[in-house]
Structures are given as structure tokens and as C-alpha cells.
Amino acid sequence: FPWPCHIPSVLRSVSLLKIARGDVLELGDADFDYLAAEHETMLVKFYAPWCGHCKKLAPDFETAATRLKGTVPLAKVDCTASPDTCGRFGVTGYPTLKIFRNGEDASSYDGPRSADGIVHFMKKQAGPNSVTLRREADLEAFVNHFDASVVGFFSGPDSGQLAEFLKAASVMREHFRFAHTIDMTLGLKHGVDTERVLLFRPPRLSSKFEESVLRFTETITTHTLRRFIRDNIFGMCPHLTNENRDKLKGQDLLTAYYDLDYLQNPKGTNYWRNRVMKVGSQFASQGLSFAVANRKDFVDELEEEFGLGASDGGDLPFVTIRTQQGFKYTMREEFTRDGKSLERFLEDYFAGRLKRYIKSEPIPEKNKGPVKVLVAESFEEIVNEPEKDVLIEFYAPWCGHCKSLEPKYKELAEQLYSDPNIVIAKMDATANDVPQGFDVQGFPTIYFAQAGKKDQPKRYEGAHEVKDFIKYLKRESSHVPVVSRVKEDL
């Protein structure tokens with residue numbers, strides 16, 4: 001890229017040396033403003049060398065930079081060496097990723113952090129908010145894409161609805177693909193005879209069970225268009241990927257996992273998808289959503305969350321249901337080609353006849369120690385006993401902080417062992433499903449379930465000394481704790 005004439009020659013050589021190390025540009029306090037302004041769109045990673053999450057992201061970020069070279073540059077700023085730049089852009093944690101346009105902070109990056117995900121996401125960021133279509137071939141090429149397409153047809157450049165469409169596209173471009181034309185004849189084959197927005201679902205997902213092109217009939221605003229796209233973009237049975245999983249998993253979702261490959265085997269891929277859709281259409285009004293996924297993309301999750309190995313099901317799909325509440329179910333009957341086994345599975349699900357799948361260690365044969373051992377299968381019985389106050393530690397066997405806490409937690413339990421109203425308990429959260437209502441993101445995480453308020457567990461935020469736990473329990477327990485062998489400093 002051309003150098004502005006006012007950049008000192010020393011700075012030029014330093015920056016060139018940085019850039020030559022790889023495809024991720026290295027920016028800092030001295031050159032950030034100069035170099036960021038050179039690029040229409042740029043993804044910048046703000047990091048610290050000591051940050052574990054940053055180190056984990058680094059290889060994917062570098063791979064993405066290489067694949068995006070010439071399309072969208074990727075850059076990084078070491079905040080320990082360039083605190084001024086990081087401070088100006090409000091960086092408070094690492095890594096922080098931001099999208100810059102012509103040197104201006106345009107938005108936070110909230111896309112996936114895998115190399116594939118970054119490439120896919122940032123390709124959408126390159127170029128205009130909405131692509132201008134001039135010929136029918138432009139339209140066909142735009143909608144013949146792996147992802148869905150939103151296309152506006154307008155009467156002219158001064159159209160008020162076109163202005164609103166472009167405004168909406170600028171806000172939502174990170175998530176959806178937009179194009180527009182002021183040649184109304186391009187829409188004739190799709191029945192467009194007045195200004196209109198159409199949503200084109202990906203051709204690979206075309207099916208006789210639903211429309212491939214949907215018409216937006218409201219007045220265009222960012223709000224109305226966003227709602228229309230959100231409600232319709234995935235259709236009846238979308239392709240679940242690591243990139244869209246968070247959007248799809250916020251609902252009661254049935255997923256069929258098999259050797260899905262739309263690039264090498266689209267016909268075979270849609271063979272099973274069509275059977276899911278045929279059966280699913282019978283239950284479409286009952287609040288359950290459907291999806292298909294490549295089992296190879298979710299091997300770890302299926303084993304971890306559903307106890308399913310890579311060989312389960314053989315060449316046939318295996319089916320799971322996960323509800324918004326976190327309840328899980330698996331179809332143990334073989335997926336038959338006529339769809340009857342899936343139909344029976346759904347009938348049992350809606351009739352409440354299915355047993356939930358719960359990842360759980362075996363219930364301990366002996367559990368008389370001062371710290372009660374919880375597993376997923378026994379959690380309800382022990383924690384939700386109405387008359388008991390229960391303190392629960394969620395831990396991981398490999399967690400250093402948990403190991404440091406263990407002797408103090410055991411001493412706490414020993415001091416309260418004679419109190420019939422208080423239970424001190426722990427559960428390995430890596431080997432058991434954590435019940436709904438307990439948010440465990442790190443270890444150890446400690447909750448208190450008070451007698452009479454089991455539906456309102458409280459996270460313990462205090463210090464991890466015995467005296468601090470006892471002080472907390474004296475304040476929060478439904479009964480005054482009976483403490484034995486209390487040390488003098490308590």
C-alpha cells in the first residue's frame with residue numbers, strides 16, 4: 001500500500017519489518033491511526049502476550065489472515081506495549097476484537113473465533129453494505145450462495161424505501177447478506193410488481209416442504225426487516241453449524257446428526273433432511289424446531305452432552321432433542337428410512353413418555369462423609385429437600401483453586417456436621433449435568449439453596465475461608481447454624 005508522505009522513514013521501516021513476519025499486521029501507538037485509515041475494513045485483535053485465551057486464538061487468527069489476504073486485513077495490537085491505543089478504544093479484557101472502517105471503530109466483532117468462522121464472517125464485512133444488482137445474471141449469482149440472501153427491488157435511486165433498506169443493511173450486514181436493484185424488471189420472474197424485499201433461502205436447502213423465496217410485505221424499517229429476517233431465515237429445517245449454533249440453540253431443538261456434506265454429496269445430504277422435514281411437518285405447530293448437522297462437526301459435544309460415540313448410528317442419522325430448559329433426549333431406536341421411528345420418537349416426546357438423558361456419575365453407594373457428594377441423578381433429591389439449607393460447590397478435578405479449597409470446605413462441613421438443617425455438598429461439574437438455574441462458567445462455583453426457596457439459588461461471592469462461609473451461613477440460612485469445634489477467631 002502507498003505510504004503517506006508525512007510518515008517518518010524510520011516508522012516505515014519498523015512497520016514493514018512487523019508486517020513481514022506474517023499476514024497479521026502488527027500495529028501500535030506509533031502507527032495505528034496511519035495504517036488503520038488505509039483500509040476500508042479491518043479486523044483488529046487487542047491482546048496481551050500473557051493471556052491464555054489470546055494464545056489459543058492466535059493460530060486461528062493467523063490462518064484467517066492468510067486466507068483473507070487481499071480481501072480484508074487482520075491486525076493485532078499488543079496492549080502491554082501500546083496502552084494508549086487500547087485505552088482509546090475502551091479495551092478492558094483480552095482478547096478484544098473490533099471491526100474498523102477507514103480507521104474508525106465501527107463495531108465489536110461478535111462472530112465465531114475459529115479460522116473458518118472468522119473468514120466466513122469477515123468476507124461479509126468486505127465491500128458495500130448492500131450489493132448493487134444491475135443485470136439478471138447479477139441477481140442469480142448473488143442468491144446462488146451457501147447462505148440466505150435479502151434482496152430489495154426499488155423504483156429508483158431516490159426511493160424512500162431504498163434509503164431505509166440501505167440503513168437497515170448497514171446495521172445488519174454482519175449477520176446477513178444484502179443486495180438491491182433499481183431495475184424493477186429483475187424481479188418479474190419472482191412476481192415482484194411493486195417495491196418489495198425478498199428473502200431467498202440457500203438453493204442447497206430448497207425443499208417441497210416450504211417456500212424457497214419469501215416476500216416481506218411491511219413498510220421497511222430496521223426493526224421490521226430484522227424481525228422478518230430473524231423469523232424466516234432458517235426455515236423449517238436449517239443446517240446447524242458451529243457458526244449459527246448459538247442462534248438456533250435458544251429454542252427447543254431436534255437435531256439429526258449424520259454425514260452431512262453439501263459440497264460433495266448434496267443429494268445424499270438432503271435425502272435425510274427431507275425425511276426429517278416430512279415427519280417434522282406433522283408436528284410443526286407444537287413448538288419444536290428442527291435442524292440437521294454434520295456429526296463430524298459436533299463429535300465432542302455429542303459424546304460430552306449425550307453420551308453418543310462417533311460410531312453410534314452407523315451410516316444412519318442419530319437424533320437428539322435439547323430444550324430451552326436444558327432437558328435432553330436421544331432417539332435410541334434406529335432411524336428408519338420411512339421416518340416411522342422418528343415419528344414414534346416425536347409422539348413419545350410430546351406425550352411426555354420419554355426419559356430425559358442426564359449425564360451423571362453413579363450415585364455413591366456410601367455418602368456419609370461431612371461433604372455430601374452430589375451427582376446429577378441425586379442432585380434433585382439432596383439439594384431440593386424442602387427443609388434443608390444446602391451449600392453446593394461445583395468443581396473440576398483438574399482445577400487448582402478447587403484443590404486449594406478442598407481442605408477448608410471439608411473443615412467447614414465437619415464444623416456443621418451435627419446441624420441437621422444444613423448440608424455441605426459438592427459436585428464434579430465436568431462429569432455431571434449442571435441443573436437448570438445454576439450458572440457454572442468457571443471453577444469453583446458455589447451456590448446456596450435455602451430451605452423454602454429452592455427455585456432461587458444464590459451464588460456465593462464471598463471469600464473462601466471457613467470463617468467467611470460460616471458468617472455467610474449465619475446470615476442466609478433459614479435456621480441458626482449449629483457450629484461445633486469453632487475456632488477462637490471465629
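Each Cβ is built from the backbone N, Cα and C atoms, and glycine gets one as well.
The disulfide bond annotation in TrEMBL covers Cys51-Cys54, Cys399-Cys402. Annotation comment: TrEMBL describes 5-127, 336-478 as domain 'Thioredoxin'.
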For Cys54 (disulfide bond): intrachain residues, at least 6 apart, with Cβ closer than 8 Å: Lys45, Tyr47, Ala48, Tyr94, Pro95
Residue among the disulfide-bonded residues Cys51, Cys399, Cys402 whose Cβ has the most other Cβ atoms within 10 Å: Cys402
Residue pair Cys402 (disulfide bond), Cys51 (disulfide bond) - Cα distance, angstrom, rounded: 21
Cα-Cα distance linking Cys51 (disulfide bond) and Cys399 (disulfide bond), given in Å to the nearest integer: 18
Within the domain 'Thioredoxin' (336-478), residues counted as helix, strand or coil by DSSP: 46 helix, 25 strand, 72 coil
Taken over the domain 'Thioredoxin' (336-478), the model's mean pLDDT: 94
For the domain 'Thioredoxin' (5-127), the number of residues DSSP places in helix, strand and coil: 50 helix, 26 strand, 47 coil
